[in-house]
Structure formats: C-alpha cells, structure tokens
Amino acid sequence: MEVLWVILLLLVPLLMWTSSTFVFYFKKCFYVAWMMLLALVAIPLCILKSGGRDVENMRIIRILVRHVKYFLGLRFEVSGWEHLQTEGPYVIISNHQSSLDVLGLMEILPDRCTMIAKKELIYAGTVGLICWLGGIVFINRKKTSDAKSVMADAAKTMLDDQIRLWVFPEGTRNQRGDLLPFKKGAFHLAVQAQVPIIPVVFSSYSNFYLRKQKEFKSGTIRLKILPKIETKGMTSDDVSSLSEKSFKLMRSAFLDISDSVTQSNGPLRH
C-alpha cells in the first residue's frame with residue numbers, strides 16, 4: 001500500500017506537467033470537491049450567524065470562496081468599481097460562461113446581494129444547501145409561469161428587504177466567444193421594482209479554459225462593471241428595448257476586454 005501511495009505521489013506531478021487533459025480533470029474535480037467542502041464549513045457558520053436562510057450569509061460565503069482562485073491559477077482584474085457604489089436595491093446582470101463565474105461573482109459581490117439560479121442547484125449537496133442559506137432565489141426555467149411568479153415575488157422582496165439580485169440573462173452557460181440573446185426575466189424584475197440595472201462583463205475564458213478541448217491553464221479574467229441603467233418610469237412596454245440596450249453595451253464590452261486579454265496572454269491552441 002505504501003508503494004502504491006509513493007507511485008501516485010510521483011505520478012500526479014508528472015501528469016500535471018505532461019498532460020493537459022489530466023490537468024483539466026484534476027482542476028475540475030478539485031474545484032467541485034473544494035467548493036463542497038467549503039460549503040460544509042459555511043453551513044454551521046451561517047446557521048450560527050443568522051439562524052437560517054438570510055442574504056447576510058453571503059458575507060460568510062464570499063469570505064470563504066475568495067481564495068479558491070489561487071488554487072486554480074486564476075487572477076482577476078476589475079475595472080469600474082465605482083459603479084457598484086450605488087445605494088439601495090438594484091439588479092446586476094452578467095454573462096455566463098461556466099461554474100467558474102462564481103469566483104468572479106464573489107470577487108465583487110456587494111453587501112446584501114444574492115443570486116437568481118436554476119432550481120436544480122438546490123439538489124447539489126452541501127453547495128445546494130449553502131445556496132439556500134445564502135438567500136439565493138431558485139426558479140424553474142422549464143415552467144414560464146413559475147418563473148414569472150418567482151420574479152414578481154423577488155421584486156417585492158428586493159424593495160421590502162433592500163437587497164440586490166445578480167442575474168445571468170443568457171439563461172445558460174455559454175462559451176461560444178460571444179453573448180447569447182438575453183431572456184427578459186431580469187429586465188421585467190428591474191422594471192417592476194423600478195430599480196437600476198448594473199451590467200457586469202466577464203472577459204472570455206478561451207485564453208485559459210476550453211471545455212471541449214480539455215484545456216484548463218492559469219489565466220487572467222477581466223471584469224468590467226458598467227454604469228448603471230436607470231429604469232424609473234419604465235413599464236413592461238420598455239422591457240424589450242431595455243434588454244436590447246443592455247445586450248449591446250455588454251457585448252461591446254465583452255469583445256473589447258476579451259480581445260485585450262487574448263493579446264496579453266495569447267489564445268489557447270484549438
């Protein structure tokens with residue numbers, strides 16, 4: 001048994017050095033396992049702090065998660081911090097590329113801010129439980145009527161409890177090198193609550209992370225926080241134009257910062 005452990009200890013560094021596919025799976029497995037372990041640590045801390053489900057628990061989650069980027073060899077460069085210095089509730093919208101987005105989210109997550117996420121996440125073991133304790137709003141994407149009802153309740157909660165909500169308007173993960181068309185939920189939410197929208201853009205991960213090619217290197221992620229978009233006075237009739245305006249602003253920023261990151265670090269081979 002001891003010989004086996006010695007062989008494994010020697011083999012892992014060798015594979016990390018010579019096999020990009022091994023590195024990809026090693027980092028992915030480590031990331032999932034470490035996040036589940038952190039959630040296990042966070043659960044009793046959140047219960048002791050708040051007694052149960054509360055958006056204030058996101059402070060604990062934020063503190064525990066922020067170091068994970070170092071293990072994966074990732075670095076964040078953030079611009080536009082001043083745009084998050086907005087009082088009261090608002091809706092943050094951002095592009096969505098992979099589960100790694102959580103690391104960038106925790107990098108800039110403002111106080112009293114939680115997320116809207118797919119209902120399936122609640123069944124993800126300790127991670128699902130800590131999401132629930134953090135006040136994350138779960139929606140059933142397959143039932144439009146349920147999603148609309150949840151959004152209406154979320155708008156009321158935002159105003160009553162003075163919280164902020166982070167939404168991924170693409171609705172699904174996307175690593176195609178561009179943004180997917182936005183779904184309207186986040187914009188109905190902001191208009192119904194009459195709160196501003198703050199767009200946040202993640203640069204493309206393609207310079208360090210390619211899921212299909214099994215590549216996961218060290219890299220830099222640029223996060224750009226754009227100026228808030230006011231919704232006061234808007235009605236449901238303005239939702240489509242609001243969505244289109246937000247999409248154009250975010251797509252322009254995405255292409256700009258992604259290009260600058262690629263020029264700095266070079267693309268991964270395809």
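Cβ atoms are placed via backbone N, Cα and C, with glycine included.
Quick look at what TrEMBL annotates:
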TRANSMEM  31-48  transmembrane segment
DOMAIN    90-205  domain 'Phospholipid/glycerol acyltransferase'
TRANSMEM  121-139  transmembrane segment
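Computed over the domain 'Phospholipid/glycerol acyltransferase' (90-205), the whole-number mean pLDDT of the model equals 91. Sequence-distant contacts of the transmembrane segment (121-139), counting only residues of its own chain at least 6 positions beyond either end whose CB sits under 8 Å from a CB of the stretch, comprise 35-37, 39-40, 42-43, 46-47, 50, 52-55, 57-58, 61, 114-115, 146-147, 150-151, 154, 157, 163, 165, 185. Note on the domain 'Phospholipid/glycerol acyltransferase' (90-205): DSSP counts are 49 helix, 23 strand, 44 coil.
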